[in-house]
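S.K.: Got a structure for you, written out below as structure tokens; questions coming shortly.
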Amino acid sequence: MRPSPPPAAPAAEPVPPWLRSLPVAPEFRPTAAEFADPVSYILKIEPAAAPYGICKVVPPLPPPPKKATFSNLSRSFAALHPDDRSPSFPTRHQQVGLCPRRTRPGLKPVWRSSHRYTLPQFESKAGATRKSLLAGLNFPASRQLTPLDHEVLFWRASADRPIVVEYGSDMSGSGFSPCAAQPQPPPQQQPTARAAAHLGETAWNMRGVARSPGSLLRFMPEDVPGVTTPMLYVGMMFSWFAWHVEDHDLHSLNYMHLGAAKTWYGVPRDAALAFEDVVREHGYGGEVNPLETFATLGQKTTVMSPEVLVESGIPCCRLVQNAGEFVVTFPGSYHCGFSHGFNCGEASNIATPEWLRIAKEAAIRRASINRPPMVSHYQLLYDLALSMRFREPSNGEMETRSSRIKEKKKCEGEQLVKKMFIQNVIEDNELLSHLLNDGSSCIILPANAHDGPGLSTLRSTDQSNMNSRISHNLCSREEAPEASGCLSPNRNGDTRNCISSDTHNMEGDKGDIMSATGLLDQGLLSCVTCGILSFSCVAVLKPRDSTARYLMSADSNSINNQLSISGGSILADAPTNERNGVISRPYSEHCCNEIMADDAEIDKNSALDLLAFAHGGQPDPEEDPLEKILKIAHGINKSQPNSSNNVGCVGTKLSSSSTERQERPSSQNAHCNGSSVISNGPKGVRTRNKYQLKMVLSEGFQAKDIYSAKEKKVQSEPSSSKGDVKETIDVSGTENDVGCKSTTISVSEHRGSTKNMYSVKEKKVQSKPSSLKGTVKETVDVSGTENDARCKSITISVSEHRGSTPMTNSLAASIVKPDKDSSRMHVFCLEHAIEVEKQLHAIGGSNIMLICRPEYPKIEAEARLLGEEMGLVYDWKGIHFKEANMEDRQKIQEVLRDEEAIPTSSDWAVKLGINLYYSANLAKSPLYNKQMPYNRVIYRAFGCDSPNDSPVMFNTCERKQSHQKKIVVAGRWCGKVWMSKQVHPYLAHRVESQEAEEADRICSYHFDEKHKAEPVGNSSRVEASKRKSSSLTDVTESSNRRGEIPGEETNTKRPKHSQENNLRALETAAEVVVPSPAGTGLRVSSRIANRANKLKSKMEKEDVPSSRPKSNIKEKSSHASGQKSNVQEANANSASHLRAMPPKQKAEAEAKKQIRTPKPPKQAVEYSCDIEGCSMSFRTKRDLSLHKSDICPVKGCGKKFFSHKYLLQHRKVHTDDRPLTCPWKGCNMAFKWPWARTEHLRVHTGDRPYVCHEPGCAQTFRFVSDFSRHKRKTGHSVKKKKKAKS
């Protein structure tokens, strides 16, 4: 019997076609001279490597000695856990494989391992794991595998049954020796300096590469692990790092010390939004919205094969990193990879000047998921630009520069930084000039000694040093509790490093006030709309009282509808004084930035205060006097929640006689204007960092009221003071004159009555037809419910009626004191401050306070000098600054307290749809699994289509094609030219959006030049609200160009083929927000540029002003003659063309010209629904089919309904149809649903139908949501009682 032959060796795993055709990222081999400066070299290769997303750099020097590397690694591991005897490190378990039960196949489980390894132990563990993995894949361990073989096996294992590997990641430390203390020699001395022996002696040493010269991260005030200091990574075979993008879209530098290779995959930044959409659909099952997709990708647990990306039209590339090589990832590029075996590497971030182009957008996207910012890109820009400006260094961080080197060696990065610095200061100057049109001042914060070197040079020597600021550089969730811990009160109740809110004593608050001087550094004053940390200037907006009253009684939908109406104010009684088209704010000449401006001052011991105190109320020194009178004349609203008071007084005379006053504590809480503490909620939530509060809310905690009421006491007089005190106060109201002209209120205070009763003794109304005069007398017996009485009777006599017109409830609602949420102060960047002020102007107006850094005037002066040196011309506006006094500092404290509050639906910024944090938290709700709640900033940052936006058709972009198919190039990525039909729809849309942006730029420039000589009218603030572009543009051009505020209603019909309509279409495009993927950075093609130049020249020729006025007839005749001349010119051109033709072709052309007749215009085909009772029609059959299947055909919605009737009602959501109007006289609100109108009517009628039947409670509620919340929080449930009885 023959022995059986030995088993044949397994054949090599076939490489799939998608992997074989995957582009390879570029590899660069710099010379020793190029390798000297890492930032300059990365900036040099960035234009060629950024379209790949990643690249490899092979250094010209050998790696450090292995002995020194192992020694440095051991010291780093020992520093992680000093208690351990051996230098060990922890690991994490990672799953490789596919679990069929998971609804989100892209998410891989990761959990912390209980084992700790030294480096040799983990190397042996990695070897054993490699053998078991290859055995499971039917490969012998002795066989040598190529990088492609590793990739094939990894993706095959990812689709097979789950296996577990270990990975040591995110460990602070480095394998390089510490950097030398002495600075690098200047460039002119480098040739004579000693040459570096190995990589550790160069500027590419990972311990200091983040703070190398030219990197913006060198100006970060404190070290952040993984960003400014390196982190170590130790892996084994198939240890993976998930798809992710760097924090703030920074560059990253990754070095491999030793071991097996790593495979990297990269997606360029231009395709980032398309990548996220593919991950959402294929990796997460399409059950999350784009915002949650971005947040989930930030958790670094998403692994998905590049095969899915390639099939979806996403550019993707690969590279293999070996020991001793660097991998550079560029801003905004997604990347992932895995290890081929045991290896050890480290990574750190850098920031070249090119990062500044996209830093703003990256900060907005980070703020959209409520992640705290680690750095302000404006701060880094200012520090780097000013460090280049000054010749003499203020400390050791800046380099000395000779004038000769500066003239001869002007780095491209330096020029870019200086231009962006000047552009940013110019934009701030332009916006400040528009916000300060009324002659007010910009408040300068007190100086803080903790700034960058460039800003420290600007400080004068006599400024005092302040307390050290709180670092806002939180790099992980683990650091968040530590940061909040240092900001919370200690056991003794003293608050450290925060502004005290427990006292009104200014002497006690002085230290806390001074601690607020570094607000712009601490990141506490970030824009509510976009989340940007404004480094130089911020604006604080607070709605006026009339605006706040309207915001209290309206919902967000009605407000947005009213804001969309152009011209006029919503409130008839809104005091909107205008001067030269600019909102006139109630400022005085001495204090121009008042936030709380009272119309009249009342003494604390006035009769109004005494009477209010007699009714159990708390006298408020800052309360409006008219509101005090209303509280007195209409009883105690809190005691009668079901009553509805109709009041309309303009002038009021009140006289009171007080026999005795006593101090009595009040059982009611009043709103606190000057101080507040965070009392509600779980322990440990008291923190100065608002991002921690937003994080608490996102985890399910929602505070009842972030502001607790504080009691105010009234000083009591001695009992022996029995003399009568009378005083008469005349108050002029600012509201409508509906009721009486004058009112006399007589108050007598006596003691002895203990009952609480409200009885009308006498009411007489006498009127004469001639004089229209009448008298009303009311005697009301009022007694307090506690201790002793305050008033025996109140007599109100009314005379001199203007008419018999009844007083309306709308006036009573307009005089109610606004609540905290409707009058809260919010911080905005200057750009969004103008937009928000325009919105508030439509419903009553707002008050503004502008705050800037103490050195900002000098920064502006340096920008002027730098602009003159670079030859940039700009007409600088004069800005008036003033030092912050104690009153301004109190307001800044109030701003900080308001910023601490967790946003709720009653916040006025939420109702206007401009609160980024609220929208981000709302997007986490299960109601928004597939579609985000609309927020203009978030939609723009994540490339989503606005519900109200539709594409604009451009005749200028059309070119008649005969039979040749139009070929559109989408872009060039990963070394390949991609057509529009080969890429993802997000990328295919880039050409259209690029043309729209180009048309926007041309038209804005054209119309700005046209109206440059005209005076600035009502649109001055609108013109100033142009979006501050993150990309570098010509400063002279950007200073003259002002766009329109997006979001306005535009005409989206297809215009006719005429030159005037072309201009109209371009003008429309300048106002429409064209939804496009964020981060588009393609160069404009020559075709678009040429067409833009031709169109621009045509418009400039047409706008030449006429030398003399002409009549309409002459204009028409000249227009007709111009058309005639154009026709003659066209005929002449056609005739010359015919003469050049051969005789036969000429005859055929003439015959065709005679026979040719104009074709009728094509009509759009509509597909109507034939279901009974439905009259809807659609453009495509697909939409009609979905509609008949009771599925919403609107893109991004796709909701399914049980009947066609509900689908027709759902249409109101997209069309914003509001057929139901409020029947109350004077109210213009409209509603989509009947229940919404029913609940709104209760605001007018005062009806509170929901009563809590819990013994001892008896609270009433107006809305069922409030009643449900009350039962849920207190446990007062009727069902529990029924169960208990049964």
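The chain as shown is numbered from 1 upward.
Backbone N, Cα and C atoms are what each Cβ position is placed from, and that goes for glycine too.
Note that the coordinates shown come from a computational prediction; the quantities given were computed from them, not determined experimentally.
From Swiss-Prot, for reference:
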BINDING   His244, Glu246, His335  Fe cation binding site
COMPBIAS  641-679  compositional bias 'Polar residues'
COMPBIAS  1119-1136  compositional bias 'Polar residues'
DOMAIN    25-66  domain 'JmjN'
DOMAIN    201-367  domain 'JmjC'
REGION    82-105  region 'Disordered'
REGION    641-686  region 'Disordered'
REGION    1013-1060  region 'Disordered'
REGION    1077-1164  region 'Disordered'
ZN_FING   1167-1189  zinc finger
ZN_FING   1190-1214  zinc finger
ZN_FING   1220-1244  zinc finger
ZN_FING   1250-1276  zinc finger
S.K.: In the same chain, which residues outside the set His244, Glu246, His335 have their CB within 8 A of the centroid of the CB atoms that define the Fe cation site?
M.R.: Trp243, Val245, Ser252, Thr329, Ser333, Tyr334, Cys336
S.K.: Quick test of the contact rule: Cβ under 8 Å, at least six residues beyond the ends. What residues does that give for the region 'Disordered' (82-105)?
M.R.: 73-76, 111-113, 115-119, 121-122, 154, 157-169, 171, 232, 234, 238-240, 282-285, 287
S.K.: So, by DSSP, how many helix, strand and coil residues make up the zinc finger (1167-1189)?
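M.R.: Per DSSP, the residues of the zinc finger (1167-1189) fall into 8 helix, 4 strand, 11 coil.
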S.K.: What are the helix, strand and coil residue counts for the zinc finger (1250-1276) according to DSSP?
M.R.: 11 helix, 4 strand, 12 coil
S.K.: What mean pLDDT does the predicted model reach across the zinc finger (1220-1244)?
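M.R.: For the zinc finger (1220-1244), the model's average pLDDT rounds to 86.
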S.K.: Among the binding-site residues His244, His335, which residue has the largest number of other Cβ atoms within 10 Å of its own Cβ?
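M.R.: Of His244, His335, the one with the most crowded Cβ is His335.
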S.K.: Please give me the CB contact count at 10 A for Glu246 (Fe cation binding site), counting all chains in the structure.
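M.R.: A count of 20.
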S.K.: Helix, strand or coil: which one is His244 (Fe cation binding site) in, per DSSP?
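M.R.: SS state of His244 (Fe cation binding site) = strand.
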S.K.: What is the three-state DSSP composition of the zinc finger (1220-1244), stated as helix, strand and coil residue counts?
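M.R.: The breakdown for the zinc finger (1220-1244) reads 11 helix, 4 strand, 10 coil.
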